[in-house]
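Pulled from TrEMBL, these are the features on record:
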type     : residues : note
REGION   : 1-21     : region 'Disordered'
TRANSMEM : 30-57    : transmembrane segment
DOMAIN   : 91-304   : domain 'ABC transmembrane type-1'
TRANSMEM : 97-116   : transmembrane segment
TRANSMEM : 128-148  : transmembrane segment
TRANSMEM : 175-198  : transmembrane segment
TRANSMEM : 236-256  : transmembrane segment
TRANSMEM : 283-304  : transmembrane segment
REGION   : 327-347  : region 'Disordered'
Amino acid sequence: MSSTSKDAVTLRAKRSKKPSDGKMRRNVEIFVLSAPAILLFVCFVILPIVLGAYYGFYQWKGYGLPSKTGKFVGFQNYITALKDPAFQAAILHTFEVVIGSLVIQAPLAILFALLLNQKFKGRGLIRTLIFVPYVVSEVIVGTGWSLLLQKKGAINEILANFGINGPDWLADPKIAIWTLLLLISWKYVGFAVILMLAGMQSIPEELYEAARVDGASFWQMQKSITLPLLAPTLRIWVFLSMIGSLQLFDLVYIVWGKYVSTTAGVSTMATYMVREGRGAGNYGYGSAVALIIFVISLIIALVYQKFVLNRDLDGAVTEQKEAKKRARKRAKEVQHREVAALASEVK
């Protein structure tokens, strides 16, 4: 065998080793970079969930080890919570907040985003003003609105000047849930507007120009171009909004308190957990309720992920697979050309 052919064989052998070496090196890099995040996730997410499930099996006051200072009750805490009419009402109120927030905020966010996506004077100021409530502390928001919405608060005083007898915005069960939805929408719609606006600005302007050439009106362009291409952003916002509503606690607790929220019909799963767990000194029962809330949220998140968000993920994966196929095809073509060149040299 000539020296040239030996060099060709050696070169091919080296190339066959490089991919495996590179893959191993890449796996090591991934492990080293992801290990801190995985460790933090286990310590601050997985471990608290496991401990919460463990505490839920005890009637425990919150001090010492449950096995020593508490009483083992098995699944009794979980059964009691699921059978409690107050907790069932809290679950119902929570889902009312989830659905109501989506129905109210989604149209408002899209309309505001359409407005702010146009070029006009003062657009930046309006964007800032819409987003300000989102960054303001819930304590400030809750305290301010609770003062305004009291029976003898500023809003009812203004209505009285026009001869209108203002309702009890916070204590009337027929009105309180709408008051809560108003507060939530006022505070969080700015976040939805920013997301929608970012999604709209990522849409290529060429699509609108082509539609204008074809004679499409403004609303026709929004229906045929903006809304379909905004759908991935909208689906992500819906997911974030649902998870946030399921965890709602601070605004309800600050505005209504842990007892008035129950009589007013605005108690949530989180306020029930704090009232019956920490407030009653039964941390074992509170841990059981917390785990139930986690399971409900997890099921909703997994179902939404499978049937809604996976549409975007599948599209991204398909594009990635196509890109990999094209890259492999180009690599094979380059390899064939190199082999052909080496073969011609050997000859």
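Each residue's number is its place along the chain shown, starting with 1.
Heads up, the Cβ atoms here are built off N, Cα and C, so glycines get one too.
TrEMBL does not curate its annotations; it predicts them automatically.
Same-chain residues lying 6+ beyond the ends of the transmembrane segment (283-304) with a Cβ under 8 Å from its Cβ atoms: 49, 51-53, 55-62, 66, 70, 73, 77-78, 80-82, 87, 91, 238-239, 242-243, 246-247, 269-270, 272-274, 276-277. Scored on C-beta pairs under 8 angstroms, the neighbour of the transmembrane segment (175-198) with the top count among 30-57, 97-116, 128-148 is 97-116.
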